[in-house]
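According to TrEMBL, the features are:
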BINDING   C:45, C:194  substrate binding site
BINDING   C:121, C:167  ATP binding site
């Protein structure tokens, strides 16, 4: 049944080409726009508050990534979340580097508090830091294995009524209905910057067609990253092959590779 | 004769390595800088008004792309256009997402009004929206086929004394002297973000050596994109192969592939 | 002995995965983050003064690149250098386009003056312009061969107590102890944007593990770029192969290729 949810969501994205508004960090804008195009969605990279009401009125979802936040961009992020709320659109929050600075922690929590329909996608360190437990975040990369963050994810689910995706060697999707473990992916993936940001962007695409748990995005990116990494000699070719595979992935290959279990 | 114009322009770019100042969007800065380098030009990505008078004094042209505009960057764009005017340099305007928000429409028109030597390069939706006719822009991707925008292009030509390039499955170059249709390219190209932005950047390079219609850039990118796509398994490898082919394209391959006709 | 310094530094980077804070230009953020990951370091791309004290307290070094500077970012750069000083961390300055505008020249000199432990990495035009000698900088690309900048580099060494790396067909590393010439690399490398920026970022990674001359970074990137270019059909594939080779390079291949001599 979860498999069918994933397949249906992929079909829906390719059929409806949903618009996804992204306020994301400077580092990954190109990658996440390309990932959204490759999977069949339609990215809008826009941040000005002067146009956000219009953008959110016809967009399918909003992705907020705080990777290169500052005092100029934070109000834009908050305003965009308000506009998403007004239009009853899902917000995907990527709390990049939460725990590495108070600014990031405060901002991520403010966004999480504000968003009415919320999916949070982070690595284990970020999920733990966002929940407020002890976790020394080392920059924007994760120090913790993802299963150590399950308690924090459940705390976030309860506190913010948010579905939570913990990405790592194993990805976890934590909702009120279930906790799902996904064991696809490849050890080379953390050597490409913005792989988590790409997962958050794809989560926005699937949310825009009604798959609001983050499951489909985690399943697709895990399988596609695994295929791409097997074809690659390093992180440069991995990034290229990942986009090619997002474009090519079909139902059969996706299901054949998928390592999914409820926990 | 148009073929010869294109070939000569390519030779001139590679010979003179013209400087092209770009104020462009965050998403594509890397791609457009790399495309300019690959074709033989010399990109300057600069936006500060504090240095723009100097930059425009020795640059060959100015490319303005409003893809990630906001209240901080719009005055910089306008100031840069004024500096281009003072130095009698061509401005290439890429009105990304015009029609998707009032801010984009107003800004694009203000730039078009201000620039004294202007080339406008957009997809059909953008050209139609800029001209003010009815066209629902869906984000930054085009909903309309390019031939539907020919009337709008002629309106822009008359209103702003601007040469106009409409990009799409068929590209059109609209000037007072002629309307040219270019039928190169590949259906995979819209799956790479910033392909239109790359065309606008290349248009700036050719304008800097005196080819001010947009024809040479559209011809080169159409042929190069076609060759690159045939070598690619998806949009990731297409982006890589495109840069390689911009670097490699020679006169013979360009002419052999070129599908050009006056309409 | 210099060879051993390089090898040891590479081992240290891969062992300790040092955090490197980067305030760099919009064009290359993705490339430099990926290069740092590929070599084994851990990039933080952050610029907000609100979080910089925390970031510099646990980071290993700071890389400041002025490629897309403006009045908003310059104070952030200066503040970050102050924080690096407070934490006794090395600052790597990449004075992109110095000489092309007064703003760039003034800013680069202010940063150089402020930083207490400094490495300067630029091309010949930039090193000459920073030192104040006559050199017309043509945009951000170098017009001068690197050996013409040796005098300027020695002036910068004396004036700012900074180690200096001049990159070009031959790279020079200029310190109080020695001047080293490195003759690796490939003529295709200048056709990829941000190759110098990547060298500056890698310089930060090696500085964070105690190799504070810029030698190891120049050696590694020169050899890796050479290998990558030999595998490439143009600048697109060069950029991809470069990341793969940074990830793969081992001690044996590095030493076998290395063309290093004291001058």
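Glycine too: its Cβ is placed from the backbone N, Cα and C atoms.
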List of residues, in chain order, with Cβ under 8 A from that of residue C:121 (ATP binding site) and at least 6 apart: C:92, C:93, C:94, C:164, C:165, C:167, C:196, C:199, C:200, C:203, C:214
Members of the binding-site residues set C:121, C:167, C:194 whose C-beta sits under 8 angstroms from chain A: none
For residue C:121 (ATP binding site): DSSP state (helix, strand, coil): strand
